[in-house]
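Colleague: The structure is given below, and queries will be raised subsequently.
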Amino acid sequence: MSHELLRQPKWRVIDQSHFGPLFDAKQSFAIDDALCTAVGAGQSDAVVRTWVHENTVVLGAADTKLPYIDEAISFLRQEGYRVVVRNSGGLAVVLDSGVLNISLIFPETKNTIAIEQGYEAMYALMAAMLASYGARVEAGEIVGSYCPGSYDLSIGGKKFAGISQRRVRGGVAVQIYLCVNGSGAARAELIRRFYELGRQGEKTKFAYPDVVPTVMASLSELLGCELSIDELLVALWRTLQSFGGELYSSALENGEWNWYEQYWARIVERNETALKGELLAGE
């Protein structure tokens, strides 16, 4: 399986997988928006960014409309998790030291990239990356998972990853979270309790997922071997190279930091608004 979007002449690699507990998920959303702007303006090659955040639950805008959201968020914080509202769609997901996030950032200046194309590119990359482990990766909604979607990635019917997209100023960010190690069911149980406390049996206009923890697992659980974030990083870079592109390491540059500051201010304001300000006192 391959995809033309993966055949970039150069890939700019930005690895932020070892920044530690002070690295806030809000920073990642602002960084991806800044990189989308740079790539869309033709000031950067295509980007592959890898990132890890410790003990964070990222909510979608719809999650903040739960009738008992205050109690649900208090529960997450008591369990030791930061709570962040993302700047795009989707629903609640768990990030921790065993979850690898990957962003592929493409320019949309010459040719329009259909939404389906973005998803298919990430699916193709993951299928190729995991083929060496003997895994057959499938794409399709896994009912009972958290943040369900038509591009849930699964092995043997158990979800280990979810894909999303964001488009900013001519740049397209295709993002995936990969549950590399740890318990997929334990992560799902956390989100099941979040929705249980957030709804408390009330009917809601939005159809929140009824999470079934047993339909989710980590790659380590599914493949029967203990995988590390670093091992998956090497597999990712080797797989990208196999599509013919040159990879080089990089960090954000001066102009990108200026854009980052703007997007950071927006995401902070969004979180203060979505979480009604006083909820942030727990962070």
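Just so you know, glycine gets a Cβ as well, placed from its N, Cα and C.
Found this in Swiss-Prot, in case it helps:
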DOMAIN    42-248  domain 'BPL/LPL catalytic'
ACT_SITE  Cys147  active site, acyl-thioester intermediate
SITE      Lys159  site 'Lowers pKa of active site Cys'
Colleague: According to DSSP, which of helix, strand or coil covers Lys159 (site 'Lowers pKa of active site Cys')?
Modeller: strand
Colleague: Quick one: Cα separation, Cys147 (active site, acyl-thioester intermediate) versus Lys159 (site 'Lowers pKa of active site Cys'), in Å?
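Modeller: Rounded to the nearest whole number, the Cα-Cα distance is 11 Å.
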Colleague: Hey, what's the Cβ neighbour count for Lys159 (site 'Lowers pKa of active site Cys') at 10 Å?
Modeller: 27
